[in-house]
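Participant: Dumping the structure here so I can ask a few things about it.
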Amino acid sequence: MSPLTQTIFMISLTLGTTLTLSSTHWLLAWMGIEINTLAIIPLMIQNSQPRAIEAATKYFFAQAGASALLLFAAFLNSCLTGSWNIVQMHHPAASTLCILALAMKIGIAPLHSWVPEVMQALDLRTALILSTWQKLAPLYLMYQIPLDNSDLILFLGLLSIAVGGLGGLNQVQILKIMAYSSIAHLGWMVIILSISAHLTLLALYTYLLISSSLFFSLMMMRTKHISSLSVSWAKIPALTMTLPLILLSMGGLPPLTGFTPKWLITMELMKSGLALMALFAILLSLLSLYFYLRIFYTTTLTTPPNNPPGSLPWRFFPQHITLLPTLAVTATITLLPLTPAILTFMT
């Protein structure tokens, strides 16, 4: 695919998300989501591999079904309440259908089965877009609609944390692990959505930061499999040393940045009288932390390095722009002390 064609599709992705974020009418928001879907499919199949085409087909059918359900929910709400406004979806049936449609859009359990299968067949850049940018518009709509059925939201959040932790235990492909990690993080965002929406935004921003830094690191290492990380020290030694910290931050281990949203969400759940649910969420998140630990423990600590003959690759000049990954990795590791300032800014 030529650079001009890629630029056109990237502009279309930006246009679709911007249209959804700036709209108050359901039809305009739906059109923005559809532009996003149609723009990312050519990026998925740009390598013309059979697995990529299969993944794009699965993604299209999942998104088409979710879009049809979302449009039906908006039409049902307009028939019952006479309004197409996003913030005026007050009928319980329409609101429930809308939440389920948006949950399928972003891959919240139990409507998550397409996410791992699609992610594992993509290249790292397209997987980064699918894991981060494609979640903005549906999460914005879920943030805007009135959440009258809070029990459904709490159930979807806790189930997503459980599925994300259990699903990634036996995976060896990094992209599949990132897919289940995305499901688990979405569970943390959704579980607090009906109680404290600004903490959902904080969890989203933190996930976007950490996920971007991890994908940038993998792109620089050019690896998609756990076993390939055993020789990464010979390519980029400094990045190999920071990769475990990125993974621990993704798992929410203190004193790293990823601990901030889980800590605040747990406190807010306990203040709302949901201490048992907070306990289950913490225990289930330990499963995710386990497979993050397994990634770097089995590759960087116990696997002997396969030293390539001749000049070490890290002695050559890097072929990637390193400023943005450096800033992302630094923020991923060191933003926890700024939590009070971040909360003051968001509230």
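The chain as shown is numbered from 1 upward.
Cβ atoms are placed via backbone N, Cα and C, with glycine included.
The model shown is predicted, which means the values in this text are computed figures rather than measured ones.
According to TrEMBL, the protein carries these features:
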{"type": "DOMAIN", "residues": "23-287", "note": "domain 'NADH:quinone oxidoreductase/Mrp antiporter transmembrane'"}
{"type": "DOMAIN", "residues": "289-343", "note": "domain 'NADH dehydrogenase subunit 2 C-terminal'"}
{"type": "TRANSMEM", "residues": "26-45", "note": "transmembrane segment"}
{"type": "TRANSMEM", "residues": "66-87", "note": "transmembrane segment"}
{"type": "TRANSMEM", "residues": "93-115", "note": "transmembrane segment"}
{"type": "TRANSMEM", "residues": "152-170", "note": "transmembrane segment"}
{"type": "TRANSMEM", "residues": "233-253", "note": "transmembrane segment"}
{"type": "TRANSMEM", "residues": "273-293", "note": "transmembrane segment"}
{"type": "TRANSMEM", "residues": "321-343", "note": "transmembrane segment"}
Participant: Looking at the stretches 26-45, 66-87, 152-170, 273-293, 321-343, which one shares the most CB pairs under 8 Å with the transmembrane segment (93-115)?
Facilitator: 66-87
Participant: Out of 26-45, 66-87, 273-293, 321-343, which stretch touches the transmembrane segment (233-253) the most, going by CB pairs under 8 Å?
Facilitator: 273-293
Participant: To what whole number does the mean pLDDT across the domain 'NADH dehydrogenase subunit 2 C-terminal' (289-343) round?
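Facilitator: PLDDT averaged over the stretch: 68.
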